[in-house]
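According to TrEMBL, the feature transmembrane segment maps to 15-36, 48-71, 92-122, 134-151, 163-185, 240-262, 334-353, 359-381, 393-415, 421-442.
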Amino acid sequence: MMEEKQQKLSLKREVGLIGAVSLIAGTMIGSGIFMSPQTVISSIGSTGASLVVWASCGVLVILVSFCYAELGTVIQESGGEYIYILRTSGPVMAFMLAFSSIIFVRPAGVAGISLSFAQYVVAPFYPECTPPVLIVKFVAAAAIIVLAIVNCMNVRFSMIVQVFFMVAKVVALVVIIVGGVVLLAKGNTENFEDSFKNSNVGINPIGIALYQGLWSYDGWNNLNYVTEELKRPEVNLPRALVIAISLVTGMYLLVNVSYLTVMTPRELMSSTAVAVTWGNKVLGSWGWIMSLAAALSAFGSLNGTFFSGGRVCFVAAREGHMPDILSMAHVHRLTPSPALIFTTIISLVVLIPGDFQSIVNYFSFTAWFFYGVTLSGLIYLKIKKPDLPRPYSVPIVLPILVLLVAIFLVLAPIIDQPQIEYLYVALFILSGAIIYVPFIHFKLCPGVFKKVTTFLQLFLEVAPAEKNL
């Protein structure tokens, strides 16, 4: 009788189309568009080339998202790249991704966004000087902890937060776009004359400019991490991807045009907070609004990164690649709270030595390595398993084309200008395979883990969660 009464615990399908678009667009429009334009233009050297980089990033992200839409409708499980690599390339490669993602990539993303949020929040209090690093990091840590609590409480509440902040940041970008259009109409076009002069066309500057631009687009794949919580994924996944990414690409191009209408390339390169510089020049005494808008934007992006990041940890644990406790959900709130708490702790640790610029480059390098592995999995499925049911399909030439771009993005900075740090990141990714053998394959120390799991299960009020298919 007791067994009949026990209900299976699973995460609810509470994310509709509006929530899905908000999760993608709201995570993509984060700190990047307020922080990266100056690095893109300083790497590539000219206004025209910088706009080409932003447009290229948008086109690349749309193409790769089409491939992910097919993967998400063929393999309708949460976990994004992790679950796709597990089903196509096997457990060792999947564990390497889970290890890299949970210990570095996701926490680095959270740390990077929280740092930019904190810089914009603190900036108005230190108008004449650089804010103290300790205060910036303290505010960043507070933001991470607040969002951890929000995401542990309720899925619907965290989606409301996501939609609210997406609306706020879209309004901010529209203000920048309208300001730029007005000034263009008045004849402020001098920065666009001979716009490709002084362009840097080397492999390394193009690679670094693309890294910085793609950081601003990061978050396009967030919906694939929460497929099991999405209503009608076979319809809403491709639809949300197309709507959100098209919207963001168009806005990013117009925002960059606005920046370059107001500022010379030199002014743009020397700005530490480009949106605030734009606000001071166009809005005058109301310039502080841009600082507030950038902070709200980063906070919304942080919430989206958190929401999906906890799911990678959760799904990897459910597949036996992480401690069992991380695969459990709260018995009343139905949120993967142990995975979210674990992600919070790692993010706070990464935040301590964190430096925004380095985080972006190593984050992009690692992310595009695994995007490449994921796309090769899609090519494998198309060739070896053509009969799988596909509610949505793309021509095979598309994943092949994007895979070649991913290989370029991974190899370009290493070949053209080798840095020892990229070797460290590569060794860190490979170390996942070394850890896999004793702890996952041979399951060393199971007794210790079992006692810890039982204690934490009672303390956190969590239970194992079933797949929601």
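A Cβ is built for glycine as well, from the same backbone N, Cα and C atoms used for every other residue.
Heads up, TrEMBL stuff is auto-annotated, nobody curated it.
Contact between the transmembrane segment (359-381) and the transmembrane segment (334-353) does not hold: fewer than three of their C-beta pairs are under 8 Å, each pair 6 or more apart in sequence. Long-range neighbours of the transmembrane segment (48-71) within the same chain, counting only residues 6 or more positions beyond its ends whose Cβ lies under 8 Å from a Cβ of the stretch, are 37, 40-41, 84, 192, 195-196, 199-201, 206, 209-210, 213-214, 216-217, 220-221, 224, 237-238, 241-242, 245-246, 248-249, 252-253, 256-257, 260, 371, 374-375, 377-378, 381, 390, 392-394, 398-399, 401-402, 405. Counting Cβ pairs closer than 8 Å and at least 6 residues apart in sequence, the transmembrane segment (421-442) and the transmembrane segment (15-36) reach fewer than three and form no contact. A Cβ distance under 8 Å defines the sequence-distant neighbours of the transmembrane segment (134-151), meaning residues of its chain 6+ beyond its ends; these are 110-111, 114-115, 117-119, 121-122, 157-158, 161, 299, 302-303, 306-307, 310, 335, 340-341, 343-344, 347-348, 351-352, 354.
Counting Cβ pairs under 8 Å that are 6 or more residues apart, the transmembrane segment (240-262) and the transmembrane segment (393-415) reach fewer than 3 and are not in contact.
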